[in-house]
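**Q** This is the structure I have questions about; it appears just below.
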Amino acid sequence: MNGSMPFHKYSPYPPVALANRQWPNRTLTKAPLWCSVDLRDGNQALANPMGPQAKRRMFDLLVEIGFKEIEVGFPSASRDDFQFLRDLIEQKAIPDDVTVQMLVQSRAHLIERTFEALQGAKRAIVHLYTPTSSLQRRVVFGKSQQEIIDVAVEGTQMIKEHAQRSPETEIVLEFSPESFTGTELPFALAISEAVQQVWQPTPAQPMILNLPATVEMSTPNIYADQIEWMLSHLSDPQSIIISLHAHNDRGTAVAATELAMLAGAGRVEGTLFGNGERTGNTDVVAVAMNLHSQGIDAGLNFSEMPRIIATSEACTGMSVPPRQPYAGELVFTAFSGSHQDAIRKGLHLHKQEQAQQWAVPYLPIDPQDLGRHYEPVIRINSQSGKGGMAFIMEERCGIHMPKAMQVEFSRVIQAVTDEMGRELQADEIEQLFFKNFVLQENPLSLGHVEHREETEERHHLHAQVSYAGTVQALQAHGNGPMSALVNALETFYSMTIQIHDYHQHARTAGRDSEAVSFVQISVNGGKPTFGVGLHTDSSRSALEAVLCSINRALATSLT
């Protein structure tokens, strides 16, 4: 890979001369009209297009999500699309508040076939498109600007005449100068005005002017400039709904759509997860959830995201990438130790304060808004720190480790992840915790225990303790059960035992909850280690933690 790439083959996209642009100073405050093109633009981009059952399943999903306008296909060019639309109408599957949309070219027999397909629909959008870019005019069609305008005008007139002969169906016209971003703005304006002049829309019955980035050719700000330029030059913008249909060739379809909305567009066409030709369409999930994250009702409901993903993948055969915004498996996941610690603390504070406003580090929205859970937010690999393991144990097991023990547990996890070379699942972390800090019964284990409080500061303990399989009956006094057990062990086994730290909490709410005890002990001046005890009797829990800690300390001294 020596030398530079052949960048000289390309020319910069020309900027728009916009003397007094307004969109940079605006803020989005409401959602646009949404139109799903999953069943048309999305479907045509599939290696294996959807069959009738998959299309119906997708249509029902889109309705459930809340789309009020759905492009169902190209019925004049596809027998399958024609039959699908007929089935929707005849089976009364289109809710009264949902409008179906169909694509058509400016040809008499195609327009006629389109109206045959939509017969009986309550309301329909007929989407007329005409390629207008300078490149297509020169390379594909060999037509002049006026010839292209004539084609669009003729098609509009035919649609208008068919609409007048179909009074039972409310017909809305949508016109797209295809490849708008590759079209000279004055020509895009001229052809749009010519179509508007024929259709004669009003503010009460507007037409849709769709200005697509059929191929994404520039930075998003230029697309916004183009939209603002068109709106400022249209003769009757009050009778026009400016619609967007951005492709993702440069990877900025969502940004281009958002900036173009600031420029005055009121309608967005796109697909779930950005499926579409080449690099895809605008991802309506991302645009809608971006609005949601700013406190704006997007009008679309993605609260059951796992089910939406499963349905989409089953219908399209396309998988949702793990880092797809808002939807991917890993978008609410942190592997970094510092990120995990911040998330854990943020979630704890949010719950503690019962906060109404969401504010958790590294989580721009609440995963539960999308039907996701907190547990997968933190995943453990060799880069993870103590906060991640602590979070998982708190969420899964109700075990809240003291900070010093988090450090000790993180060393255990680090050693395992380094050895295995992969991340650990939550159940594996739980198993490692119990294996290393709870189920340590060698050489010491605790049998029957009796203790009584003689005075407030003097307790008597009688305990059966097994050492390497040999059971001994021990007894001693101390200022509490733990102190008495330590005194008994020191006397009988000639150990020097020092307790450095002790914590205890209830594992769950309620009278029958287990007590979780954490005891940090050093033996014979060695390295302090933690042990954990779990029992419904709080005293027994603490005593088991003492023996577990001693066992771990003895094992450490031998390594």
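Cβ coordinates come from backbone N, Cα and C, glycine included.
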**Q** Which of ASN20, ASN221, ASN281 does Swiss-Prot put in the same Mg(2+) site as ASP41, HIS245, HIS247?
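**A** As annotated by Swiss-Prot, ASP41, HIS245, HIS247 share the Mg(2+) site with ASN281, chosen from ASN20, ASN221, ASN281.
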**Q** Can you check which residues sit near HIS245 (Mg(2+) binding site), meaning Cβ under 8 Å from its Cβ, same chain, 6 or more apart in sequence, and list them in order?
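**A** Correct list: VAL37, ASP41, SER176, ASN210, LEU211, PRO212, ALA213, THR214, GLU269, GLY270, ASN281, THR282.
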**Q** Can you see whether DSSP assigns ASP41 (Mg(2+) binding site) to helix, strand or coil?
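**A** It is helical.
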**Q** Around the Cβ of ASN281 (Mg(2+) binding site), how many other Cβ atoms lie within 10 Å? Please give the count over every shown protein chain.
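**A** A count of 29.
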**Q** Excluding ASP41, HIS245, HIS247, ASN281, please set out which residues of the same chain place their CB within 8 Å of the center of the CB atoms of the Mg(2+) site, keeping sequence order.
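**A** For the Mg(2+) site, the extra neighbours are VAL37, PRO212, THR214, ALA246, ALA253, GLU269, GLY270, THR271, GLY276, GLU277, GLY280, THR282.
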**Q** Among all the protein chains here, how many other CB atoms are within 10 A of the CB of HIS247 (Mg(2+) binding site)?
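**A** If we count other Cβ atoms within 10 Å of HIS247 (Mg(2+) binding site), we arrive at 24.
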**Q** Of the residues in the region 'Regulatory domain' (440-559), how many are helix, strand and coil by DSSP?
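**A** Helix, strand and coil residues of the region 'Regulatory domain' (440-559) number 34 helix, 57 strand, 29 coil.
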**Q** Give me the mean pLDDT over the region 'Regulatory domain' (440-559), rounded to a whole number.
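**A** Value for the region 'Regulatory domain' (440-559), mean pLDDT as a whole number: 89.
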